[in-house]
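Per Swiss-Prot, the feature transit peptide maps to 1-29. Per Swiss-Prot, the feature substrate binding site maps to 20, 74, 142, 202, 399; the stated evidence is similarity to another entry. The annotation N6-acetyllysine is assigned in Swiss-Prot to 69, 179, 263, 339, 422 on the grounds of similarity to another entry. The annotation region 'Disordered' is assigned in Swiss-Prot to 178-208. Annotated compositional bias 'Polar residues' per Swiss-Prot: 198-208, in sequence order. Residues or ranges marked as N6-(pyridoxal phosphate)lysine by Swiss-Prot: 263. As annotated by Swiss-Prot, N6-succinyllysine applies to 263, 339.
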């Protein structure tokens, strides 16, 4: 892979931060070293001394004074070593990427910890998107991605999708406007990457099948573009066996994968991780060095302590319990939809994630119905227009989340919505 052609001029100009490099060196230095170089504050001046955090299905996590001093201090930009090590082992267990044993320059698998996967994705976009670049997305698309990409001035080309995710034939038709060799000619402006949420897509709830992923990956090889696999709902797939990931079939080192603990451990701790070819991960870390500097050391240590206590089996056991909860929540929302919205709307049952994507029949644009009328009836959902690059266009869809409401609340919400729809027709 020629990674240089994907890197923006701004990203290519980034150099390692001297102070951040020093932090890395000092973390590996023997304790006998007398450091007069660090700009880190003296931890003895910090007011927080100890903490004990109780854990469901586990022993309390204790931060003694020494651990607390480390937790409150600066740390390495790529992530603390023990968490990086655990996560790399997890990725090998779950995905077994072909690139594990590649040479570093040839796309060897690497990863870094980020302040949630959203930060990681923003760093990826900053690294590879130039104004005018053509990139491939599938609408409806996560609104956070739209708002991250639009200011960068790229051209977002929509690839059609259905309840099984991106339609390969649609992607093939779009790509037919270029020749495979056009990727070597910057003037041809062939697509630089495909962005996709393969499981429980937010907002549509659809999930890519293994067969479609293989077709898409082969097209990526043919036309030489990257795949950004944004998979925050990977640990919320309701049906087993789980479909193989793009990372698991990445023979070329062209997949950048974003994972998150936000949905299964904590959304507020802001711990995510980006996995991909080493030359690109190293460049993402350079972006981190001059922005957030590193994810919260405290949050990383807390998550790391939990994961080492649980082990992989314990963590995946917790994931299964989370899945059981959300499956029941989904089923409750489906029951409410079947009861009240049949004949008034249409939808597909989500196989992952926490969202139901609903199209109201007979109403060209549901924005006013959802934003104003429904809110007056004390039900709150999101109109679908916010998940399209042209948010001003009429849209008959809305997104309903089944993460927090009780089954009784879901039933009441859809009962009220059904009445509003009937009044609006």
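Yeah, the Cβs are placed from backbone N, Cα and C, and that goes for glycine too.
Positions of Swiss-Prot features highlighted on the structure.
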| residue | record | Cβ within 10 Å |
| --- | --- | --- |
| 20 | substrate binding site | 19 |
| 69 | N6-acetyllysine | 16 |
| 74 | substrate binding site | 18 |
| 142 | substrate binding site | 20 |
| 179 | N6-acetyllysine | 13 |
| 202 | substrate binding site | 22 |
| 263 | N6-(pyridoxal phosphate)lysine | 19 |
| 339 | N6-acetyllysine | 13 |
| 399 | substrate binding site | 21 |
| 422 | N6-acetyllysine | 9 |
For the compositional bias 'Polar residues' (198-208), jot down how many residues DSSP puts in helix, in strand and in coil. 0 helix, 0 strand, 11 coil
Spatial neighbour of residue 74 (substrate binding site) that is closest, considering only the modified residues 179, 263, 339 and their CA atoms: 263
What kind of secondary structure is residue 422 (N6-acetyllysine) part of, going by DSSP in three states? helix
Where DSSP helix means H, G or I and strand means E or B, what are the helix, strand and coil counts for the transit peptide (1-29)? 20 helix, 0 strand, 9 coil
Tell me, by DSSP, whether residue 399 (substrate binding site) is helix, strand or coil? strand
Compute the C-alpha separation of residue 20 (substrate binding site) from residue 179 (N6-acetyllysine), stating it in Å without decimals. 43
Can you tell me how far the Cα of residue 339 (N6-acetyllysine) sits from the Cα of residue 399 (substrate binding site), in Å? 18
